[in-house]
Each structure stands twice: as C-alpha cells, then as structure tokens.
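Peer 1: The annotation repeat 'WD' is assigned in TrEMBL to B:18-59, B:62-95, B:107-138, B:157-189, B:262-297.
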Amino acid sequence: MDFLEPMIALDETHYQDGYKDGYDDGMVSGKEEGRQVGLKLGFQVGEELGFYQGCLDVWMSIIRLDQGAFSARVRKYMEQLAALLSNYPLSDPENNLQDMMKEIRLKFRVITGSLGAKLGSARKCAAPGIMEDTWSSVSNNHLKSLQLEKILESCYFLSL
Amino acid sequence: RIWKRAPDGAWHCSDVLEGVHESTVRSCAWSPDGKLLADASFDGTTAIWEYSGGDFELVDTLEGHVNEVKSVSWSQSGSMVATCSRDRAAWIWEILPGNDHECVDVLEGHTEDVKMVQWHPFFDVLVSVSYDNTIRVWADDGDGKWPCVQTLTEAGNSGHSSTVWSISFNQKGDRMVTCSDDCTLKIWDASIDLSQPTTGEGHESWRHISTLSGYHGRTIFSVHWSSEGVIASGAGDDAICLFAEENSMVEGPSYRLILKKEKAHDTDVNCVRWCPQNPRVLASVSDDGTVKLWELQGDILD
C-alpha cells in the first residue's frame, strides 16, 4: 500500500494548492468589489442624511427668526429628528443601521406631513421638486440598499 | 361620487369629486358634523373636501403614508382622523382650524397591510384590522403617543385565522364585530375603556363573545352594525346576511341569522352600510359596479 500513498498525497496537494490560489485571488477581487460597493452605498446614505440635516438647518433658522413658525408639537418632532441624525453612526457601522434609517425617514415624513398647509403654497412652488424627488429617491434607496446588502453579504463570504 | 335623493325618492349623482387623486379612491368617510368628507386613496394621500354652498372644495391633503391608503375614520369629536395603509401603519392626524393638520402619531405594530381603522364611538380608542389576521387596539397614553394596548389574535383571543377586513361598533359602543377572509364574523366585548390606565395586576381586555360561521361561503369583506342592533355583512359569495342579537340571562348574548340575501349582487359585495337617518335602510356596493339600496321590513330585505 505504500506505493499508493504519494499518489493520493499528490492529488491532495494539488487540491490544496488550487484552493489556496483561488482563495488568494478571491480575497483580492472580493475586497475591491466590496470597496466599490461600500463607496456607493456610503455615498447614498450620506446624501440622504445630508438632505435631512439640510432641511433641519433651514427649519432651525426659521425658528430662530420666528419662534411661532411651527407648533410646539412640530418643533418637538424636529428636535427628535436632530437627535436621530446625530445618533447615526457615520464612522462606526453598527448592526441596526436599517432600523435607524427607517426611524429617521419616518420622522421626516411625519414632519413634512404636519407642515402641509403652513408651507402649503411655498412647498408647492419652491421646493416641490425636491420634496417629491426625495420621496421617490427615499423609497428607491431603501430598495437599492436591500439589493446592495445581498452583494455585500456575498463579498463578506469571499473575504472569509 | 356624491348621490342625492330627490323629493320624489329617486337618487341621482349630484357631484363627482375628481382631479385630485392619481389612483383608486378606496374609501371615504364623512366628519361627524357632516361638513367634511375624507377620502383614502391608493396614491398614498387622503383628501379632505369641504361641503359649503352646494359645492365640494378640496381643502386639505394628508400625506405621509408610503403606499396605498386603505381606510379613513373620523373620531367622534371630529378633531382627529385616522388612516391606515398597506405600509402596515396607521396614522392619527389632528385636524386643526384653517384647514390645517398635524400628525399626532404613527401606529406601527401590524406586520402586514392594515385594511381598516375605526374609532370607538365614545372612548379615545382606535381599532385597526389587518392582513396579518389580528385586531389591534390603540389608546392615547396621555403623552401624545398612542401605543397598542391590546392585540386580538387567533391563538390568544379566539381571533380570526385569516385577513380581517372590516370592523364595526354597535351603537352603545360595548360590542364590536369583525369580519374576515376566514368566512366568519366575530363579536367582541368592547365595554372596557382601554384608554384608562389599569391599576393592579389584572389586565382588563376586550374579549371574544361569539363567532358566526357557516353563513358565508367566501371572504366577508364588510360588516356594519345598525343603530337598531342589526348586523349586516357583505361577502365574496355575492350575498348579504343580517343578524340580530339576543340576550339570554343565562348564556349571555347570542346572535341569530335574520335572513341571507343570496345573489344580492352579481358578484362580490364589497361594502355594506346602514343609513344613519333610517336604520332599516341598507346600502351595498359591489364589484358589479352597482350601488343598491335595501329596506328591511320584517323578515324581508328588498
């Protein structure tokens, strides 16, 4: 039986060599792909959060000029949105990012839903495009991030 | 469409409210004072129309839901409107003077499409029913938020085993009836004011009283309780059923079928509603495109 061993061993070594080469190649391309996806997703998240922060900045300026511009309830919602935005971990990604994003989006919708009549005419002529585009981009982003999540998952597997 | 009855008794369409929604208008509701009409649309918005000077005018739009709004309900004071949607949430809006509004709270908890919302006639309590087979009760916690104070499930409360489509309270507000894709109607004891904090251990809750099954062969889409205590149901089997309550001292309330109107419509009956002015008159609508008015006389519905 001894003469058979090197043959079997050779088969095994070839396998191991191939596996290692594949693994190393995969590691490199996987990391690059992951980096691309991360950049894209990161930009989208940043863009969305930036939009909300921008709206908040405008609303805060309005409040400074006119205390009574918004009702107490709406001011409270804006404060809550500000807190949610500052809590979002931009540098250290945690696990429940999707939930935090959902909360932020909902709070934003509640605010704009409550501003309807007051900003009525202004909303309809000045920033309608922005508001409406945000709607579609917000819901689209959510869908896109779900797809990206799947790609990210597969990258994760490759890099293991 | 707004329908008016002429002095000679005939009904005609007096107004068509259009040009506002970009998709199906699924349901509508008059405010308690009758001056405003809210309509729920698949375009995600709810429009508020004001009836003044013989004309309907769009005065406000409630935007917030992400997709189709399925139902809208006015609170008994007329100061609040509740809407629910396929986005699994129910929104409570405060209607303010000057055709303004604010969002009071977003009620999340259902895991599927919310089919209908209905305010309790007296308590500050909102009920929602859903594709997730449950009935949820929400109440004001005094702090501006409306948490879910009770969930009626199949397992825990003898609840429905499939989509719950509709809900109606009786006039006294101590009973609630729900109907479902499981072809049953369920009656619940809703006498406890769930908006009041309960002290002590025992958590009071609304409980199941009775299940009416075997009367409809298909999904029951709509149910409505008249001020005289007659429950009307409309279903996918094209029929309308009427039930009356009987109270026996020993066994408690029970419900018997008064009559079943087979082939009330050519196809699915989508909604049934009793006339607020005449509790013997019932309106029904169907996928066959017709609105039918019925009168209950004795044991006949015609």
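Cβ atoms are placed via backbone N, Cα and C, with glycine included.
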Peer 1: How about long-range neighbours of the repeat 'WD' (B:18-59): same chain, 6 or more residues beyond its ends, C-beta under 8 Å?
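Peer 2: Apart from its flanks, the repeat 'WD' (B:18-59) reaches 2, 65-74, 76-78, 81, 83, 85, 95, 99, 101, 116, 271.
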Peer 1: Do any residues, 6 or more residues outside the repeat 'WD' (B:157-189), come within under 8 Å Cβ-to-Cβ of it, and if so which ones?
Peer 2: 115-116, 118, 120-123, 127, 129-131, 133-135, 205-227, 229, 231, 233, 235, 243, 245, 253, 255
Peer 1: Helix, strand, coil residue numbers for the repeat 'WD' (B:62-95) per DSSP?
Peer 2: 0 helix, 21 strand, 13 coil
